[in-house]
């Protein structure tokens, strides 16, 4: 694939976690190709012994004899790990195969509770023959014994894998001479492994260059004696072609491409399983030197692995018989193409045949996720071979919320190179499940105790860590092939959160994370000269409230070597194990013992021929031994071990050979030389007893104490075992090795340890709570401990209210009940909790000698008093936390005092002259303002007044929330509230809330400014023309009483008009008021609000509103009533006149009650009486009479008042009726009266009319007046008045005396009498007229009688 950044040819191969991987690492050793075996360590997998599959290499063409190069592989220890808190995974994969030049292996072994999943190691056998050598050693691959799971009482075999090598003697020079004539060559079997790694490998940083490979692939030599004249035809030497050409059409291949399920679990996983490519290639004799053929593979295939340098393993093809190169290789990784160019070898030999056997791999780059029917194909020449596989990646390691995956993605190892030991890269997926993690941390550690030869390292000097954040929903490549351009580089954000620690570790603090991250660790190998080192790197993701998820990756390196000495050789080996049941036979569950030295001697010559040290799993192998008898000796056994019995049973591969035994190698490996060892075990213990006399020695009558816990620890303090004493006080620890131990006795409840080692008999005295026991080849039953029952005591005293705060209990101060008191031991552990009783007393009982901590909980609303203020500890306060000591008696001195703290609340009331709501420097306080304090339930607690500076304060207040209310001082108005940002300077208004919390609150203030005052008044005048308007010639009326009422109807001022009729009320606030004019005696209210002019009369009662300005528009007018009356009786009218008026009066009376009716009015017309009288006018009303007087008496006058009508009559009624009323006139008017009705009923009568009346009648007069008479029950009349208006005719409706002024002081007009909505007014008006008329007639009659 192309480098996504530099567009150069690279191959990125990802190693998938939890799977097997095959690797090869090229080292700088001439003639040596390094082989890598990889493992993936997964925490939390179930126990499963490593298994191995066996396979043998077969020749590709039976007609051709071939042998593999010598290869050697050391397996990485891959035992399963059992890790607490991690999940189990029983799907462990293991695979060991050996085919031709390739060996793939893996296995699982236990490493301290961790589970290991092996990654398959790809073995590519490459040997380099020097040009001057005439022969290459012959080698074959043999199946290796491998460690397998034992069932049906079968024993475990050690985990071994080794190649058996056969080396041919070198042929003579004669046999290697070149022949001039072209000869027929033997069939050649070519085997080459291209190694795949799951790493990102940069081929060339600048271009997609073709990599020429200089690691040769050696054609295996025939195992049969070489005969040049057999199956070889020497061709005449012909000139080589001058032009290179593609001869794919001249290449015939018979190819198979097989998907190999390495661990036979029916799941195909890239970098774990692989493809086996086998092909027999025949070269047409037409091919010339310089011609070439190609091998093309699909994008889903990769032919080299973790190490970019391993591309060189695709090497030249050589004839192993003479080392001559047949074709040179050129590998174009960018285009998945291998080009082989023929040398002149094909010019000199006919019938050239080649056989290849490649292990090639699946490219995780092009298979990012699990997928079915993935195609893989390889084209050799023009023949394409295909196969498909269902790819199934394993899941990540998940433990609760934590999830993780990791893989080595590139390794380059340079053994023995101090300056450049090589490097490796590990790719880690953090939280691929995208859970929300709290306090997430990743630990990367190149260390594991089971891999002491680990060449990995993590430290700040050599390690570079890159961190990428994965977008939400992004699918990560399950083969760990990461395209970082699609991720966000957040490395700089975490540079300060990377901590390097001991044991080659680094911790990255991700904090709270809810997305996935990719961490790439690029670091150097440690320098090593070992040809078989291991690389192990562990990763652990932890977060709060979730179990950690851990796994690891491991790689093993081994060397393959070509060559040997010309005879067949074999191996001796087997196993050293711990025979726990001492029966001398290997059994299931018994483990191998490492670091035991095994030495092999030639039994005939006593010459040392080999030596090895057992691996961690106890296995060993000594190779290159020809047939013969050998003595195998074991030495350097672990300290404390002894040898188990030898030759127990009938299976020599399972029994123990002892420290020294003789075995025979005869045509095959002998893997039966093993050794069983065991650790002898001993007991340690004794007795725990009750030392009733406290002398520290076991007496005969003193008995054991059962149920006492005894703990056994090693020299480092690690707990080994815990037991409890039996019914007799005895205890025993069994199965112990020689060594020093620590024994700890737990003091039984209610007991105290007795004195230690009081006597000289170590088996009888007490060893105390902690002692040391030594086992040295024998049991140790001398460690005992004595205890006696502990006496009990009391501790306590008193909690009181220290009212005077002096820290001492006074006789008048009382206890506080219900206070919580807690008793703790010296370690701060709570022992007891109690509360004080009603008197403040408390007590803790049943206490042993010792030091105790007593803590008093401060009761609500109280504060602790001062501590230790007196010399008498029995009465002073010990504070809220103190220490009390009990030493063989009660301690009743631990007490504590509290008092209720009080605080102040208040501030300031000021005159806010500029009305801005904020206290300014030049604004002064207002004294005498009442301030009220209430509790949260609105209950009044206190009331104060501000001092001369405007300050106020409420004292002795407890913590709490309070309400403060300010009373507005007379003549002031509250200013604006909270106008500024300074709570101590702005106004809190009339009502505010104050909180006291352990401190005074002096921030509650209120501002007021002086209220503006206004005036109200105007004029009362004599309305001589009765038109309801002030005329320039009309003068004021003196001494008219004017009363001012507030909105509540309360009298707030009374005055009289001055000599000019003027009146005035001052110092009034804005608001609603009522002005009442008292009608002067003998005067009649003039018409009201007759115009829109401020000069008209407002009536006897006026509502007015003052809003920020004076109001001098409230006036009223009166006129004098006509008396005349004359009556002159007789109506005579003659002149009539007179009378006229007469009537007038009418009204007069009225007054009375005013009432009404206002309207009266009208009279209008008056007079006119001219009888026309008609006055009709409807309304008439008014009683017209209108005095108008005069005139016309003509009696007619009738004044008829027509008016009448009204009927309404109203009221009055009662009255009179006199009816008489007759109103004479009958007269006329026609209709007049009509009215009738109304009441008066009468009427009729009348008429008499005589009427005449006239006169009299008139009587005018007087009566009028007022009514005096009024009697008439006043009533009515009401209106009477009305008349007013004489006026006659005009009959503008009369306005009532009481009017309402709007905000502009304009009188609101009443409806006209002709309005349909004012029927009641008309009724009242006419009723008033009739009442007035009745009253007049009645009065006239009376006068006549008086006369």
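Keep in mind that glycine also has a Cβ here, set from the backbone N, Cα and C atoms.
Annotated range for motif 'YSIRK-G/S signaling motif' in Swiss-Prot, selecting from 23-34, 35-46: 23-34. Range annotated as region 'Disordered' by Swiss-Prot, chosen from 857-883, 884-910, 911-937: 857-883. Break the domain 'CNA-B 5' (1013-1123) down by DSSP state and the numbers are 0 helix, 54 strand, 57 coil. Only residues 6 or more beyond the boundaries of the compositional bias 'Polar residues' (860-869), in the same chain, are considered here, and those with a CB under 8 A from a CB of the stretch are 801-802, 805-808, 816, 876-880, 896-901, 958-959. DSSP places the residues of the compositional bias 'Polar residues' (972-981) in helix, strand and coil in these numbers: 0 helix, 3 strand, 7 coil.
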